[in-house]
Amino acid sequence: MSPTDQNSQASDLSTTPHTSVDADNESTTHFGYKTIEKDDKISMVAGVFHSVAKQYDVMNDLMSFGIHRLWKRFTIDASGVRPGNKVLDLAGGTGDLTAKFSKLVGREGKVILADINSSMLNVGRDKLRDKGLVQNIEYVQANAEYLPFEENTFDIVTIAFGLRNVTDKDKALRSIYSVLKPGGRLLVLEFSKPEHELLNKAYDFYSFNILPKMGELVAKDGESYQYLAESIRMHPDQETLKDMMEKAGFEQTSFKNLTGGVVALHKGYKF
Amino acid sequence: MKPSNNQADTQLSKQLSNQLSTQFGTKLSDSLLLPQVATATLELIINKALSLNNKSLSFATVAQKTLMLELAELSFPLCFTVDNTSSPVVIIVRSTIECSDCSIKTSVSTLKKLKANQSLTQLIKQDELDVSGDIKIAQQFANIAQSLEIDWQTELAKHLGDVPTHKLLQFGNKITKSLLATGKQLEADISEYLVHEKRLVVTSSQINAFNQQTKDAASKVDSLSARIDKLVANIAGKQ
């Protein structure tokens, strides 16, 4: 498919409501706008992140004009993290949240940076070690659907810009629920659906016309950023994700739209 | 039966989450992420100041402790946490309601009074300052802030060069001295006026009383004059 074809398809589908949880058929799922076999998604997403890992932070700053730092700050503020807490930063990538959590939980606490992608995990580990953050951080390569931790282990679990890449989101939410301690909380920071139509259109134009070109120029990988734009559109909208969290067992779920709903922070408790 | 620790934790979490549901409301400052912009800027400034400090500071007593400041002028709280897990020690600034070991509710004007050594207890009695939690933490944070010693001349010289820095600081000192002298003169003039001259100045009630007395005297003079005229007329009639 030529880039033009992809763009026209993107424009058609960009108006699709963000309510698709997973593909209709149980054995298939989405990879951006493509419907693929579930078994293939992990390796295809892995391919994207192996490709962008080294330029990930630079691209985040460029694409969001640095606002991703404020979204992450908001997540930390909403987490209510305390000294001594045990935190799981799932799909933690290059460790922005882990770095902050590590300082806040102190020597008595612990932060686990988990990511399914080894390249992202390596970049994150190198970055945090270069910052001198070594005392209370552990690194685990893990699939969010099958978390390799005991039940009732964590006070806080965060997943920032990672849930949309997970093949079976419901399974991942159930897995997160089980590793949270009673009283623990999950924070999901993820791209979502803008609240205003005008902003939605501008955002669509930016995502499908500018973002892939930026990716091509800086990370030499336009396709991965095309996937990024498509995966955002296929991700469940605010209310759907809230419902999914409730179905997984979370209580007192709420969400907060940031930057007009471009990003939303969902929060739920395990009691 | 006493609730178990787990039940108590769960109840506490429920209470906190209720509070947070309110925080998760749709405040404009939240949508624009203003608290996060403010805390990021403050964090940068504070840690830069700490890195420029020449005096050794002790953070041992406030390690991993958090001070929350709720200013009347701001719609969001500011939390300052000392992180000693890495070297050098850094202060993390957040905007959250569930974090503090000590919290202070006050205004910027009251903070200025505190700096001017006005009694802490007096301000608390006047309801200008509300402190809850461990007050020692607030005092230790204040001590650290007051102990900061930064050699601005050396730092500035690194960026501007020696000669421009020297000239700039000379000019700055001159302006500061002149402003201080003007301030002192103004203070002396005002205090002299208040102590000596204010006593001599006629009050408005005194002016009113004087005006009344003048009016009374004028009416008495008028009636006396009328009486004299009447007497003169009587005498002239008899002759």
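Backbone N, Cα and C define each Cβ position, glycine as well.
TrEMBL annotations: computationally assigned, not manually curated.
The record from TrEMBL ties A:Thr94, A:Asn143, A:Ala144 to S-adenosyl-L-methionine, and of the options A:Asp39, A:Asp40, A:Asp115 it ties A:Asp115 to that site too. Candidate binding-site residues: A:Thr94, A:Asn143. Fewest other C-beta atoms within 10 angstroms, A:Asn143.
DSSP assigns A:Asp115 (S-adenosyl-L-methionine binding site) to a strand segment in the three-state reduction. Figure note: comparing Cβ neighbours within 10 Å for the binding-site residues A:Asp115, A:Ala144, the maximum is reached by A:Asp115.
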